[in-house]
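Novice: Pasting the feature list from TrEMBL:
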{"type": "DOMAIN", "residues": "104-261", "note": "domain 'Lipase maturation factor 1/2 N-terminal'"}
{"type": "DOMAIN", "residues": "417-557", "note": "domain 'Lipase maturation factor 1/2 C-terminal'"}
{"type": "TRANSMEM", "residues": "55-76", "note": "transmembrane segment"}
{"type": "TRANSMEM", "residues": "83-101", "note": "transmembrane segment"}
{"type": "TRANSMEM", "residues": "107-123", "note": "transmembrane segment"}
{"type": "TRANSMEM", "residues": "135-154", "note": "transmembrane segment"}
{"type": "TRANSMEM", "residues": "192-212", "note": "transmembrane segment"}
{"type": "TRANSMEM", "residues": "224-243", "note": "transmembrane segment"}
{"type": "TRANSMEM", "residues": "282-300", "note": "transmembrane segment"}
{"type": "TRANSMEM", "residues": "312-333", "note": "transmembrane segment"}
{"type": "TRANSMEM", "residues": "339-357", "note": "transmembrane segment"}
{"type": "TRANSMEM", "residues": "369-390", "note": "transmembrane segment"}
{"type": "TRANSMEM", "residues": "477-497", "note": "transmembrane segment"}
Amino acid sequence: VYFTRMNVSLVTVEFSVCSGLYGNEGLLPARLELRYGIRSSPTLLWLGPHLGLDIQASMELLCLLGALLSLAAVLMEALRDSLVFLCLWVSYLFILCDVLLLRDSLLLETGFLTVLVAPLTLVRGSRGIREHDSMTFWLVRWLLFRLMFASGAVKLMSRCPTWWGLTALTYHYETQCIPTPLAWFAHQLPVWWHKLSVVATFVIEIAAPFLFFSPLRRLRLGAFYLQVLLQTLIILSGNYNFFNLLTLTLCLSLLDNQHVNFWLRKRDDNRERKEGEANHSVPKMGFLLCLFVCFYRGGISAGSSCFCSTKLYCFCLFIVENSAFFVVAAFTFDQFNQFLKAITIPCIWMGVLSLTWEMITSIFRFWGMFQWSVFAAAAASMFTISLVPLSHMEYDSHVHLWPVVRQAYDLVDRLQLVNSYGFFGWVTGVGGRPEVVLEGSYDGVTWTEIEFMYKPGNVSAPPAVVTPHQPRLDWQMWFAALGASAPWFTSLVYRLLQGKPDVIELIQTDVSQYPFHQQPPTYVRAHRYRYWFTERKPDGSHQARWWRRVYDEEFYPMVHLGHTYLENMLSRYGLKVFISLQQSRMPKNKVMKSLTQSRRRKKKWRKIRTFAPIREVRKRRRTGMVMSRTKKMRWKSENLEKKNVVKPVLPL
């Protein structure tokens, strides 16, 4: 139910921003990528022309059907079926893969696990059995373990000085992508509190995940509430779209029927209690073995102390004369690397023993051996291929994996059934939060800033609260500020100069708030600033401004329509060809013929990849089209100085 509700909102959001991002007049048209033939695998979007729809209409139809199907599954219990979730997963996979949005991998993996966990009642015809299968449901808990453990380990494996110095949270609140208003107040907390918070983060993300497989019910519930506490604090201080809500949904796999009924104030008989304990138990020997290795290797501490020192396994708490205290890491990178090397293989064996126990205990709850064999094979296959991304954290363990396991992972890697995780391994913006500010002008003298709805810009505007919505353009602006200009940014500048309404709505949903809504700007430029949160006043009150900023450098030069720099960038990224095709008044076949005429002689003896119609391409493949040696030498002498056409790069 939680996944279907989330899918309704996400697919609806994709439908609302589809035209501005990937439409025919969007930033990076999806039809441009499909025309160049970068995607070799089949996709549902190729069926659009056969239905009389272009690529944009096909994507919008796919989003609309996904939203309606998700809404129907929320309202009707009978539609919460494995086949329905399979359709939702396939539709979302094609949308994300065609537009290259790989950061939604967690949602895709969770969606595929929902296909395995949900009951298959539409085909079987039985509406009475709605309980999930414990073997495939175990994979949800395994995904939660991989997600949290990798998120904690990558922070230390990145060698980021702020994480090792326990000062990461002193920068995090103001440098994260889209902070909330509560992030300003969290940033004002003392440094010692931030350091203790970093220690608590490491404990929750590295140590607590091993309790997910504990045979003791209270330890599992304690691990559940620790994860809920961490995710809730992240939601309150930052806008990370649906990620934390999805993680909270995964945390529900740590609960049993008894605790859920306690929440719902329902009576629970002894039979349900025994089943709940049986469904969430694991071999004690496997858990104790992994727990012993964890604390034996993790109990590394320094020998220095002041007046009083309390060793907390991996961190030391010092109390000095003036009753002040501070926390330091009591281990080195090499020691943590050795710990990770020693713990990776026990983690795998812990998963093997836990899954084996689930298979043994669930064999008596199935109708027949065939049904049990199908679910057991699916669970074992998903667990096996998930070992490849899990072992990416430690090189030696990854090398010792069987080659057949890596080959199986490579076969399904494109479908994103399992993925590598590890978020925010390096804290950015230590010297100030970089932020790109777009400006427009009519005369090139008086400039007006183009303010986005969610990302920081106006220093007096409070931070926004947008969870669970994911403003993809605002996120990309944050990534662009950390590096150089991207291909989509050139397309953004060009679309603003043209005044395309679909792109303007990505910046301001209320077009009247856009400063150039009546007439597009003649000139556009971009500068990079450094932003910081303001401090409290001496009396402790809040200042009128939320941010303070300092000019850093020019990010994008002043351009106008027809400017040489803009035309060169459009040609470099392969966007000018598509734009000229879109703006031309010639018939479609004649435009494509004129666009490919300059390339035909060069690629006549090769496999043709141009804008020619599909029938023409198949005809040329059948005929061969091999040039004679005399014509080929003559063509080389005439076209020696011609440049090759660069294929478009679509990182968005």
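Numbering starts at 1 and runs along the chain as displayed.
Placement of Cβ uses the backbone N, Cα and C atoms for every residue, glycine included.
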Novice: Can you tell me which of 55-76, 107-123, 339-357, 369-390, 477-497 gets the most C-beta pairs within less than 8 Å of the transmembrane segment (135-154)?
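Specialist: Of the candidates 55-76, 107-123, 339-357, 369-390, 477-497, 369-390 scores highest.
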Novice: Give me the DSSP three-state residue breakdown of the domain 'Lipase maturation factor 1/2 C-terminal' (417-557), ordered helix, strand, coil.
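Specialist: Residue counts in helix, strand and coil order: 33 helix, 34 strand, 74 coil.
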Novice: By a Cβ-Cβ criterion of under 8 Å, what residues six or more beyond either terminus of the transmembrane segment (477-497) are in contact with it?
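Specialist: Those are 25-28, 177-178, 428, 434-436, 438, 440, 450, 452, 455, 503-504, 516, 520-522, 524, 526, 528, 555-556, 559-561, 566, 569-570, 573, 575, 579, 648-652, in sequence order.
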Novice: For the domain 'Lipase maturation factor 1/2 C-terminal' (417-557), report the average pLDDT of the model, please.
Specialist: 89
